[in-house]
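Contents: one structure, followed by commentary.
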Amino acid sequence: MKFVDEAFIDIAAGDGGSGCVSFSHEKYKEFGGPNGGDGGRGGHVYAVADVNLNTLVDFRFSRRHEARNGQHGMGSDMFGAKGDDIILKMPVGTILTDAETGEVLFELLVPGEQVLIAKGGDGGFGNLRFKSSTNRAPRSKTPGWPGERKNLKLELKVLADVGLLGMPNAGKSTFISAVSNARPRIADYPFTTLHPNLGVVRVGPEQSFVVADLPGLIEGASEGAGLGHLFLRHLQRTRLLLHIVDLAPFDEGVDPVAQAKAIVRELKKYDEALYEKPRWLVLNKLDMVDADKRAAIVKDFVKRFKFKGPVFEISALTREGCEHLIKTIYQHVKQVQKSEQPVEEVDPRFVPLPPESPETP
């Protein structure tokens, strides 16, 4: 399931340092020559494709990125130090476009690929550069050149790591809005979500995963009922399914266990492989259940549902239990990503030998 994640950033390479006007001052040497050094180059801005990243969420929290300016030249023929470069880590597949013209500037398609996206300004010349046979004591210098400045649009086609599964009005949209930057339409009636919504859950710096809120399922969805199998196919490429169940339906005649079993039947009818995909049970709306009855209700549900996998109890509205859930999801997603990476072939000629065991006397 692919969606487009985007972010806008302003980048500025460093300005070059100015040249220096200086003359040599030595004992017994009345007219020392020019010795003003050049200014240092401004820092460059690079972008590198990092295989460990899968979203652009970090760039929404830090939009402006500036490299350091080069230092000014000094006397005694000393050139100014160059400004420090900065490297922006981006997910593989990121497209960098000029936000003003729409021109595609770069595409990061290869893991580890590094491109120069803003060039630092060159340093200015010191007066040593202007010495000639007719001008023995030049007092000229030039300022440093400004670094490049750009407004960039970053685009990334992202694959959802986690798919939300459940009946209409189970609280999926509330959950995704509570843990991510997505803002789906939320209301107290079925089929509020008419299109898949994508949310990026930020666990920490350079730590995030993608979750998809799909339209709710009803019995017969595998044959196209309700919003149908159009959205069931979106779940096939996710790494984890969260089956969200409403523990406190408004209609007292509705049995949450029966609804949950109907969802599982639809999964199995549609695709056996989808049914076998890792699936966690998330019991939602605990804030609407009496605290004294929670444990008994949860125990009864799990027993009747006959679920053997991980079970989480949350309230998407109050965020109770959400923090633990998203950290556990992130750990699972990273493990799956690691297992999906191809094993590097090692030339047997260069395999290190195991250390020799010490000889026993």
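Each Cβ is built from the backbone N, Cα and C atoms, and glycine gets one as well.
The region 'Disordered' annotation in Swiss-Prot falls on one of the ranges 17-39, 63-85, 339-361, namely 339-361. Taken together, the residues of the domain 'Obg' (1-159) have an average pLDDT of 87. Taking the C-alpha positions, the distance from G166 (GTP binding site) to S173 (Mg(2+) binding site) comes to 11 Å. It is 13 Å from the Cα atom of K285 (GTP binding site) to that of S173 (Mg(2+) binding site).
Cβ crowding, taken as the number of other Cβ atoms within 10 Å, peaks at K172 among the binding-site residues K172, K285. Counted within 10 Å of its Cβ, the other Cβ atoms near G166 (GTP binding site) come to 24, all protein chains included.
Within the same chain, residues at least 6 positions away in sequence whose Cβ sits under 8 Å from that of S315 (GTP binding site) are N284, K285, L286, D287, G321.
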